[in-house]
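Can you read through this structure? Questions will come right after.
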Amino acid sequence: MRSLPAALSLLLLLLRAPPCRLQSLSTVQLRLVGPGSRPEEGRLEVLYQGQWGTVCDDDFALQEATVACRQLGFETALTWAHSAKYGQGEGPIWLDNVRCMGTESSLDQCMSNGWGVSDCSHSEDIGVVCHPQRQRGYLSERVSNALGPQGRRLEEVRLKPILASAKRHSLVTEGAVEVKYEGHWRQVCDQDWTRNNSKVVCGMLGFPSEAPVNSLYYRKVWNLKMKDPKSRLKSLTQKNSFWIHRVSCLGTEPHMASCQVQVAPARGKLRPACPGGMHAVVNCVPGPRFRPAKAKPGRKESRAEELKVRLRSGAQVGEGRVEVLVNHQWGTVCDHGWNLISASIVCRQLGFGSAREALFGAQLGQGLGPIHLSEVRCRGSERTLSDCPSLEGSQNGCQHENDAAVRCNVPDMGFQNQVRLAGGRSPEEGVVEVQVEVNGVRRWGAVCSDHWGLTEAMVACRQLGLGFASHAIKDTWYWQGTPGAGDVVMSGMRCSGTELALQQCQRHGPVHCSHGSGRFSAGVSCTDSAPDLVMNAQLVQETAYLEDRPLSQLYCAHEENCLSQSADHMDWPYGHRRLLRFSSQIYNLGRADFRPKTGRHSWIWHQCHRHYHSIEVFTHYDLLTLNGSKVAEGHKASFCLEDTNCPTGLQKRYACANFGEQGVTVGCWDTYRHDIDCQWVDITDVGPGNYIFQVVVNPQYEVAESDFSNNMMQCRCKYDGHRVWLHNCHTGDSYRANAELSLEQEQRLRNNLI
């Protein structure tokens, strides 16, 4: 035979052709799929041209698995699994004979046969097992990356209220399920609808659980509408574009996009969607913070159980660093193995919905104290985080730079539409304007700046969705408010700091503003990040000692009110004062630099010590009896707020020399040595006994922080008249039983009013 058929010649050419390098304008998406909830292992799937497909195991080895794991955000690969160990996939087999050098940043940069060119079946689908350690810089696992059918995003879910009582409430908890699919709202068929489906829907809407609905009643209402000749519902239901045909969830998914969703009946069959069915109806149960004041919990809830987990340092409601209570001490959770399923258990336990983001790498600030948990492996059905399998955090080398955090789905209460800022230079600042009901009519107006402080400003910024307050402003003459909204409609504001909206704070009944409206209306400046100062309790405990200091060396300290009042009546310069001295080291563990409230032009010069005070009262030092009565006190002005030390690789930014800029950089610390003036408590008048030694940083909330609960440090103190011992030093909330303490309660505790 002198010539081969054309088709056979082409086949031989293809077989001789070397593997090709895939041409891709952007890195393709990968995911791991399979039974179980471990995020670091599963069947490897690739998203190409809007469709997920698998990878064949031919030629696939550890180098290829390493490239895939790195692309997925893990440090490296542990092994790979051939012959569809994680189950057979569906759809196309996108890649075959993949060969990587091991240095590629994504799988599509490796050699292969080309997209969709394969002689494999799904029984040869490859799986990979990655090391659970996340790469540095891999920040979070987001629900927004979840894709629905045909690779298209299921955008939103909402409830359409049907009952008249449900329509009257601003928070809709019961109604027909509607899904936004490809930009259009569709209703979901109730055929094969389960409580697991309801749980997923409620979680997306910010509710921790679901309750049964009166199906017979809703079916009766549906049938009446279908019989009504004036109702458009009957004609709409005959169109397949009106329906999501079928949804099947396990109940553990954080988003409906992760469920099996069938938009229309099987292809090739001209059948109507949802024949004989009606729209699915869901009844969600809101968490305690979102129930009406008169509502009672649906079931008896164990308070102790609720309090074993809390969120700290979050800019918004429902977000923060995860902390758990173990052996009566709060500690953090390591991000090794942290994923959306485990994060959702935390969110639901706290009365929120499912998690929309699981964050790694201490993105919401580093915690203190022990790291209690690591490798948390929730399946999604647990009621509390303590029900999930996990390891002790100390077992695998976790540091606080690995602290896990969450962002939860939160119900839309409509509060964000009842406040606005006007006149500012940016959307994050301006005069605060609120909407309230006056004589039965809702109107916009200003807030009186009497009693307006950082606590109230924090609530306003959170309600606006703008994070933390950086400044509470009482004088807003330079900001022009909205015309017609200048009248004061709120006065006497007293917020505890835990409210969801200014409308929930205590305030005057009839409005009474001492200076009227206009230039003295309340204003705010908001920021999405804030510093977080924390005292090194161990250093205080290790450096404390007594000194009898001659009065001749205390003139400057006396001038700055660093001695007890009895010093005024002594025969200066004869005699001495007994001082409890110690060193303090203050860390900034937040996400923004700590800066003085005022600029250098406002700093106060102190001639005696010959330095400026950037913050007049930076710390309070107190000695208390065991029942909380104050027996001695001291304070420390911030004459030099600077980066004394920073971790390796972090540059110092603030130094006091030559009238320099003052502050503490994120991750750095400022040290006040025991041998400088005013770094003490004057205990000359204190008798022997057992006491509590307390230090409070930023006690007057002059500078905004992401978490004020850790600004207080306490030690047990034993004084025998000659020597002093400090022990059991800890930050104020390390052992506290209650998960949430309002700023008002915190301040009362510090001022010994409880």
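Glycine too: its Cβ is placed from the backbone N, Cα and C atoms.
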TrEMBL pairs Cys408 with one of Cys334, Cys347, Cys495 in a disulfide bond, so which one is it?
Cys347
Suppose we draw a 10 Å sphere around the Cβ of Cys56 (disulfide bond). How many other Cβ atoms does it contain, all chains included?
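Its Cβ has 23 other Cβ atoms within 10 Å.
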When each of 157-285, 309-409, 419-527 is checked against the domain 'SRCR' (30-131) for Cβ pairs under 8 Å, which one has the most?
309-409
Taking the disulfide-bonded residues one at a time (Cys347, Cys378, Cys388, Cys505), which has its Cβ surrounded by the most other Cβ atoms within 10 Å?
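Going through Cys347, Cys378, Cys388, Cys505 one by one, the largest Cβ count within 10 Å is at Cys347.
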List nothing but the one residue from Cys69, Cys259, Cys334, Cys408, Cys495 whose Cβ has the fewest other Cβ atoms within 10 Å; the candidates are the disulfide-bonded residues.
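Checked Cys69, Cys259, Cys334, Cys408, Cys495; of these disulfide-bonded residues, fewest Cβ neighbours within 10 Å: Cys259.
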How many of the residues that make up the domain 'SRCR' (419-527) does DSSP mark as helix, as strand and as coil?
14 helix, 40 strand, 55 coil
Given the disulfide-bonded residues Cys110, Cys130, Cys398, Cys408, find the one whose Cα is closest in space to the Cα of Cys259 (disulfide bond).
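That would be Cys408, the closest of Cys110, Cys130, Cys398, Cys408 to Cys259 (disulfide bond).
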Taking 10 A as the limit, how many CB atoms besides its own sit near the CB of Cys100 (disulfide bond)?
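The answer is 22 other Cβ atoms.
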